[in-house]
Structure formats: structure tokens, C-alpha cells
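Working notes, beginning with the structure itself.
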Amino acid sequence: MNDTDKEHEGGRGRRETRKSEKDQSWISKIIKKRVCTTFIEDCLSNGALCQCGGERETHGSIATRDYFGAAIVSQWDSSQHSSEYPTDAFGELEFAEAGRRHSHFLRLSCDTTPQMVYTLMTAHWGVPSPNLVVSVVGGEGCEKVKTWVREVLRQGLVRAAQSTGAWIVTGGLREGVSHCVGEAVRDHAAAASSLSQKKVIAVGVAPWGLVHNRQQLINAQGSFPARYYVQNTSRDSCCLDNNYQAFLLVDDGSVGRRGGEMVFRAKMEDYISHQRTGIWGSGSIDVPVLCMLISGDAAMLERVDLSLKKATPWLVLNGSGPAADLICELLDALSAGPMSPPSPQSEAEGSKSPSAELRDRARERVRRHFTAEADLEKLVDRALSIYQNRDLITVFHGEQESSDDFDTVLLKALVRASKRVSSDASEYTEELKLAVAWNRVDIAKSELFNGGIQWKYEDLEDSMTDALINDKPQFVRLFTENGLNILDYLTYRRLEGLYRSLSDSSLAYTLLQRRLTERQGLAGSLPTVPCSLDRASLLKSPISEPSSAKELSLYEMSRLLWDILGDVCEPFYYSPLKLDQSTSTRRALKHMKKLLLEECTYKEQRCLSPWASLFIWAVLQNRSEMAVYFWEMAGESVLSALAGCKILRELSKLESETETKLSMKELSQKFENLALDVFSECYQSSERRSFTLLIRKSPVWGGATCLQMATAADARLFFSHDGVQSLLSQIWWGDMERSTKVWKLVLTFFLPPLIYTNLITFREQEEEGKSEEVTHGRDTDSLDGGDATVFSLADIMQTEEDAEEYAALRAKLKGASNPKRPFILQRWREFWFAPVTSFLGNVLMYFLFLSLFAYILLVDFKPPPPHGPSTLEFVLYFWVFTMVCEEIRQTFFVGSNTIYQRMSLYIQDMWNKCDILAISLFVFVVCSRMFPWSYEFGRAVFAVDYMVFTLRLIHIFAIHKQLGPKIIIVGNMMKDIFFFLFFLAVWLMAYGVANQALLYSYDPRPNWIFRRVFYRPYLHIFGQIPIHEMDGCTNNATLIEAGAEPCMSTYANWLVVILLVIYLLVTNILLVNLLIAMFSHTFSKVQENSDTYWKFQRYKLILEYHSRPCLAPPFIIISHLHLFIKRRIRRIPSVKIKHFVLEIHGRQASKLNMWEAIQKENILSAQNKRERESDSERLKRTSVK
């Protein structure tokens, strides 16, 4: 590439250019070109030209002559008279003034191996692997293309290529059929979406010596890009067409001759036909290759015959031109007459001569179409050989058939060929595989699943795997609706195979490989797994998927889900692996090593929850349409959608690519909306059933509940739903009416006998009779599983210490009930064991605690022993000790997880960190105040600790409807303050150091330097300037070192004033107003969603006080002793270790699942109806008609 071309490079920077040159610099080392090295005189040129078409001066040698002056070699041959040299034309091609993306081009020898070129195109050029290759031949030169042929190419071929993901291979020149195909691709790209444009791949295979202006492409180092100029003149008909994505310029050493690329093109087609379709070659069929004949001359018969002998199918356009018309007439005329079919041996060899009568008929038709050909008998032999392979030829009558059905014609042609090649395969099965490979579900529905074919499971199994791996959800839906049983299909072996098919560029693949490396490293027996693989080596390997992925097992999948979902769910797939939840990682790895070395019987077992497993598999790959379909098919819709939301949000935190991260967040929000929509429908249908749905323990999702999964997924929108808040309110108030005034609670708290009056209304008085009526009048076949047992919120409002007694008190079975407690005891428990009462008690006692704390700090903080501490201070110590006991209980004795997981969960909460800080400071104060030398310091820390304890009140008031959202806004504004302080610190330090240097030439006192650099500039913001320090100063260095105040320097007073003005302007006006603007933005942004955030935090507060004992510190020690006796001495297990959990089984659970599925179907039906009625869909249906 010359300097001028480099200056005109458009759309690419120097860095990108260097990268492209580096990536493709190896091409010239392995790809060759051909150059004619022997001059063989062309008798028609009077000795000026060689038979290769080149001039005499360009040849290194001349063919030897005999004694009579005649050349010994009279016929030029490419293989003998040309030599290979490193190619000097490759890279990217930019068509001048074309205004489109660059194309790739390569000059290559006609003897280049197709495997090398195909790998270059797919792995390095980034051309998508084809699902179909249509090779268009014929119609070259200045031959005029008929109008109906143009319409077939435009409406039929290009549209079929777009819908099937095909390559269209032509000559790639601006002449004949190649130019028509290029125009059709251009028109389709202009009318189609950007996504569709990428699927139409046009590849030009042209002879190098025929390309006009080919000298513009020559550059030994490669062109990135090469600018190619095309003039609108008649002699430029052999120019490259700018509508093609790639050009393979085949060089046989000739110049200006046609046909030099045909041999390589046939080899390339044959090689591609043996490659697999799909991702990593995971498809169920080889790439179909179909040659399409348009017109053609006599030499085209040889090309057709050679391809047919390689079992390549042909589609011939009848009426398009001589060669195509001849073949169509041969098929019609010769088939009409009597002819014994050839034997398999003769058909294979093609050497047995047909009858004389048949030959005469063939000669007659060849003479009619090619009257000027001299070697007529040779053409007759070609025609008869083509006829013998007539099963591979499909005729398209373009003037009679519609171009709209062209894609179906392609499918039929390939099916006929596959049936002929594979005689034991079913025609319908092969047609189905092609439809799946092309992702043409419309063809499959109209041709294969129209009710006329009875499909068996065995016929759909391979196609189902192909559709799953290559992300074709419409086919998955079609197969499941037409005979494929997912329970029989999805075994654990096939599930492992699906995970092995993950792309190595996906995040899930990387995470699985880490777990696989961990297992292999700790097990010590399996080889080390590389984390990165060479794609080029994989393409050369017959195995189309990464070899390391073959070792993936259910254990790696289980560990991946455990890492993503955390402790919300129990481990997945532990049951078939015979592992227990309490098994340590090292023991599990040893067990897996032993299990994998033996015969893995679990692989043949059916997956217990196939739709949920496929849903997880699709979500991990961020496949939106596939995941939504599996969600529709899976049960427990609300919980499944929340689980998908949780998985995607965790993956988005680990994803590094911005586009993928955004798509994950969008899909996670979509699943949260789906969960919200389904629950809304459930809540409108039945409030009681929807409450059961929220706290129902799911066996499919590892014992998780909807509330637990929503908390883990940070699904704040879901928590803001009225149904969720209604459940939380009922739990919060217990059996008391939610309309109870707070002053009534406070009054009853201090005067407990008021419980037995009508001051506080309990719901039991109003609902008891109603519940009994429902119990006796209920239909036993109701879809509400909870109706078989009256669902009382008291069943889930038990604290840990009273779980058994309270459950026995309130559980009412059908037709019978347990004996009730006395009214006095029952009403006492209903008031004191409600979470709101526990909260109220803790608030009142905490205020009393702060009052005692403040009194001791201000009045009664005695000196060290023996004078102190005072009695009240010991009471404060005991009070804090009971608070420590409660924090220990929350950390180590709540939940069923491991101790490490419980501690991690406890530390994650911000207010728990505040409690740890406050208690740690208090312990430090207790230790410090006992010694005279640290007494004053301990008292100072004691004052700071009081501030920390007081700030804890913010968390307590988060339950308030008005204060809660404001607390969230204040918390977000605190982040803005830190950014403000950062900018302020920069200006503070800049001005402070400059001000100190200008005013004080010498002052060695570090404390005063610090004050003047940071403290004084900070006071300047508020207008405080210390003038009194100007008096009583000295310039004596000795006195200054002794501690005297140095005098200010008056040399640069003018500069100090300017700096002060600039500093005050920036800080008082710019930064302060910036802070105000940030606060306003944060307020307006958070205010819109503050109610949603508050409701989410409200759930956490309710959950906390739901699990707390009813007594508040310091009396909470009594509850702790009661728990200790109950759990450690009497060994009474807790029935409610996990809060907000309700276990239902059998018919009760199945009825609830059925009811939830009905509500989901209602939602999906309503959504489909809205889509059908939308204007865009209406216009789309009208255009289709």
C-alpha cells in the first residue's frame, strides 16, 4: 500500500490497522499465488502473447524449439508452466465512494487446500459459519439475464439465504448473474434490519487474471484496506462487485481467461459439505451445499458432471439459458422413453454406455442447443453422464412457480439429495434436520407438522438437541407440542452434554472451568484443564467442542449454582450424586473422584425437574427467548422468575463486557416483572392463596421461598406490591387489627391488664366464625391447596422460643381442632408475641438505655476504682451484656446454614456493623476507665460511643412510613458528600500550601503548619480570618524555633489576595452549589423510588423483629435462658428455624401449583392478546397477507 492510500484510509485508526496487519501477517507465509514462468507462444497473437494471456516480457523463460523452429511444447498447462510464490494480495478491500463496510479479499493459488481457506474465513475474517451454501454458476460474461431470473434471485434466493443463514457463492464480478446477486443483496440490506443484514453472506470466487484493476490490490505486506476504484465504463464489467463480503481470487497463472477457478471452487464446495452446522459444529447434519445453474455454455456441462459425481445436488432454472434448458429437456425426454435402470456398479463407475436409442435422443437435443460446438460426441457423453445422476437434480420452472416458495424448493432439492446419499434415513427426518439447521420453523409447521405425519420420540431427539444448543426456541416449543416427552429426553447425561456445549466466550463457561480445575487439582488424578483454548486448533479438530468441557459433571454445575444463588437454596443435584448438604468440599471432591472412576449410574437417571433445569441452563447463557419459554413450561412461576432474576443479577456483577452486562440486567428486570405480574394475578384471585404462595417452601428450588428469593435477588419492585406488603403487615401486627392506634399499644404496654378489655381489637374475634363456616362449607376439590387446612397467620408468626406451643395452639385441621388455651393465657400471648409489640418494647427500652447512658456520661461517670464505677454504671454494663447476647444469638443460632455463612450474612448488614462498632468501643471504654492513666481517654471514647448508639435509632425508625423513605434519601446523600469532600480537599490543599508558603517564609512547627494548611482555609469558607495573630510576631529564627509566632511576609500580599478570591469563589459558589445540585438530583431520583426502597427495608426490619424474643434488653436474658434450656438441655428441636417458611406436601401442594399455573396462563393469554391487537402487529399481519 502506497502513502497516498494510507492517507485516505477511512473509518479505522492506526492502532486498529496495526492490529489487523499483525493478525493476518502470516497469510503470505502459507498462502501462495501462481505466476506463469514459461512462455508458450499463442499463434493468434503473432508471438506477442503467451497462451496464459501474459506478455512475453513478463516471462522468465521461453519454451524450447526443435530444429525446424517449432516449439516442442504446444499446449500451455498451469501445473507445468507456472510456479507458486507467496501471495502479495490479501487483506481488506474498500470500494471508493461505495459508503459500505470493508470486504475481505485473498489471492490464492488454484492448488490451495480448501480447509486452510475455510478456516481463514470463519476464524480470522469473522465470516459466520454457513447453515447452507448455494453456489450460483452460469450466466457469466455479457449475457443478458432474464427478468424472471432477476426476480428469483432477488425475491427467492437472497430471502432464503437470509432466513437460513446461507452463503451465496458466485463469481463476484460486476457482470451477468454475479452482478444480479450483488444487487439483490444490496437491496435486501437496505430494506432489512441490521440484524438480518449480517445473515446474508455473499462470497465471490473469481479468477485473479480476469479481475480488472487488480494491480490496486497488490501489497506484499497486506492491504488494510486497499482502495479499489471502479469506473462506469463497459470495459469495467470484470470489476469486483462492492456488495460482496469476501473475495477469493483464484490464481492459476493465466491472464484474462475464464474457468481457472472452477476446480478450486468445486473442491471448496465439497469440503464445506463435510463440515457440521451449528455452534462448534454441534448441529445434527453436515452443511448442505447446493449448486444452482442459470443458463451456461457448453463448458458448463463438464462442471455439472464433475459435481454430480461428488454427490452435490443441483437446482436448474428451466428457461434461463442453453445449458440449463438442455439438462431440463434431457430429464423430461429421456425419462419418457423406455430405459433399463443402470446397475449400481455402472452407476458408481459411470463407464457403461447407454443404449443407442437413448444416445440418439441425447445427441439431437445437444445439437439443438449447441450447434456451433465441434466436439459433439464429447458433449453427448457429458449429457448422458448427467442424466445418470438425475436423482440429484431438481428443476425449477421460474416462469410457472412463484419465487416466494423458493426456500421450500431449496429444502426439497436438498432432501432429495440426502435421501439418495443416505438410503436408510427417513425423508421427513432429513427435511426436519434441514429446517432446524436453517431455523425455518414456518417450513416445519407447514410441511412436516401439519397433522399428516406421526412423529416418534426417536425422530425428534437429535433435532431437539440441535435446537437447544443452537438457540432455536421456536423449534423447542414445536417439538414439545408434537410428541417429545421432556421427562424421557432430559437425563443427567444429556444435561451434562448441554453444559459442555457452552461457548468458551460465555461467563458461565469460565466459571464452570474454574470449578473443574478445582476438582481436578484437588483430586490429583485428572489432567490440568487449560482455561483458554486456541480456536484455530479447535476448528481443525474433528471434535467440535472443547475437549476440557467433556469432563464437566453435575458437581461443577451444582457448585456454580451454589456460588451464584448462595445460601438461599440447598445445593442442586446432590441427590443423584449421593452427596449431603453438610458434606465438606474436600470430602465431596473425593467422593466425585471415586464416582467418576466407576460406572456413573446417575447419568442415565431422569432429571427430576427438567423444565427448571433447562430454565437455569438458558438463563446462565443469557438466552432471553429460550429462558422465557422454559419459564412458561416450568412450575412455581413466581419463584422461578425470581430465581432467574437472582442468577442474572449475580452474573451481571461478574460480566466484564458492557453490552452483555446490560442485556443481563434487562432480562433480570423482565423476570422480576413477570414474577410481579403473576403474583398480582394470584393476589386478585385469592388473597389467602397468594400468602401461602409467598411462604411456601419449594422442593424444586432447594427449599427456598418466594420472599427469600426476592430478598436475595434485591427484587424491590416485587416487595412493593400490595399483596406482599399486606402479608408483612399481618405478620407485623399478629392477631391484632392493623388499624390499632400506636397510643393504645403504648398504654397497654405500661398497663398490661388493658389487654383483656376492648381497647385493642383482635382479628380472631371477627374471623373465628367465618373460618369455621369456610371449613365446613368448602369444596374439597378446590384448587386452593391451603383450603384443605385453614391457613392462619399465627402459624408463621411464631418466634423461635415458642414455635411448638403456638403451632399446636393455632393449627386447625379439617373437621377437628386442638384444645385451646385458657382465654387469659391466650390473649396474653397474642399481644406480647406479636412483632409490633416486640418492636415497641425494644424502642421504649432503647430510649431508656440511651437516657441511662447519657446520665452516666454527664453526671455519674465515677473515677477509677476504688471510687467507681457506680451502681448505675454496672447496670449499664449488664444492659450492654444482654445486647451482646442477642447479637450472638442472631449470628450463630439463627438459620440452618454453616457458622461461616451465618457470620457472613450478619456482617453484610450495615446496622450490624454499627452494633459491632458500638459494642467494641464500649468494651474498650470499660477497660480504659479502670486505670487512672487512661481514664480521661476512656471518657472521651465513651462520649463517641454514645453517638454511635444514638445513631442506631435511625434503623429503628425505618419502619415509619414517612421517616423511612427520608432515611433512604439521607443515606444516598451521604455518598454525594464524600464526592464533595474529595473536590473540596483538592482545593483546600492547593490553596492552603500556597497560602502558607507565601505568608510565612519560615515556620518549623509541624502542628502550626497543619493548622494553617488545612484548618484555616476551611475556616475561610465561613468567613473567619484570624487577624489577632498579626500582633506580637518576630522574624528571629531562634525565637521562632523556640515557639514564637513568625511575622507574615508582605512581599506577595497581592498574590495572596488573588488566591483567596479564587479560593472563595470556587469553594463558596462553585462547590457548594455543586453539592446543592447533587442533593437535588439525588432527592428527585430517589424520591420516585423511595417508597419501593422503604418497603424492601421494611421487610428486613419485620423479619428481624419476627425472630426476636418478645422481651427487650435487659430482660431478654430470660428468653435466652429459656431457649438454652429448651434446645441444649431438653433437646426440643425448633420447628421454625427458617422464618416465613411453610411446608406443604402431596395433594395440597399439587393443587396450589395448579392454581398458580392457571393464573400464569391468564397473564400470558392477556399479553398475547395485547400483542395481537397492537398497531404494529396488525400492520405486520396485513403486510404478510
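Backbone N, Cα and C define each Cβ position, glycine as well.
Sequence annotations record features per position, and here TrEMBL assigns region 'Disordered' to 1-23 (among others).
Marked as domain 'TRPM SLOG' by TrEMBL: 104-328.
The region 'Disordered' annotation in TrEMBL covers 338-362 (among others).
As annotated by TrEMBL, compositional bias 'Polar residues' applies to 345-354.
Residues or ranges marked as domain 'TRPM-like' in TrEMBL: 447-721.
Here the transmembrane segment (831-856) has Cβ contacts under 8 Å with residues 731-736, 742, 745-746, 748-749, 755, 760, 797-799, 802, 806, 870, 872-873, 875-876, 879, 946, 949-950, 952-953, 956, 959, 1101-1102, 1105-1106, 1108-1114 of the same chain, all six or more residues outside its ends. As annotated by TrEMBL, transmembrane segment applies to 831-856 (among others).
Per TrEMBL, domain 'Ion transport' is recorded for 845-1090.
Look at TrEMBL and you will find 916-934 (among others) tagged as transmembrane segment. Same-chain neighbours of the transmembrane segment (916-934): 861, 863-865, 868-869, 877, 880, 883-884, 887, 941-942, 944-945, 948-949, 952, counting only residues six or more beyond its ends whose CB sits under 8 Å from a CB of the stretch.
TrEMBL lists 978-1002 (among others) with the feature transmembrane segment. Using a Cβ-Cβ cut-off under 8 Å and counting only residues 6 or more beyond its ends in the same chain, the transmembrane segment (978-1002) has close neighbours at 1009, 1012-1014, 1016-1018, 1037, 1040, 1046, 1048-1049, 1052, 1055-1056, 1059-1060, 1062-1063, 1066-1067, 1071, 1074-1075, 1078.
TrEMBL lists 1054-1076 (among others) with the feature transmembrane segment.
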With the cut-off at Cβ under 8 Å and a gap of six or more residues from its ends, the chain residues touching the transmembrane segment (1054-1076) are 976-977, 980, 983-984, 987-988, 991, 994-995, 998-999, 1017, 1020-1021
The predicted model's mean pLDDT over the domain 'TRPM-like' (447-721) is 85
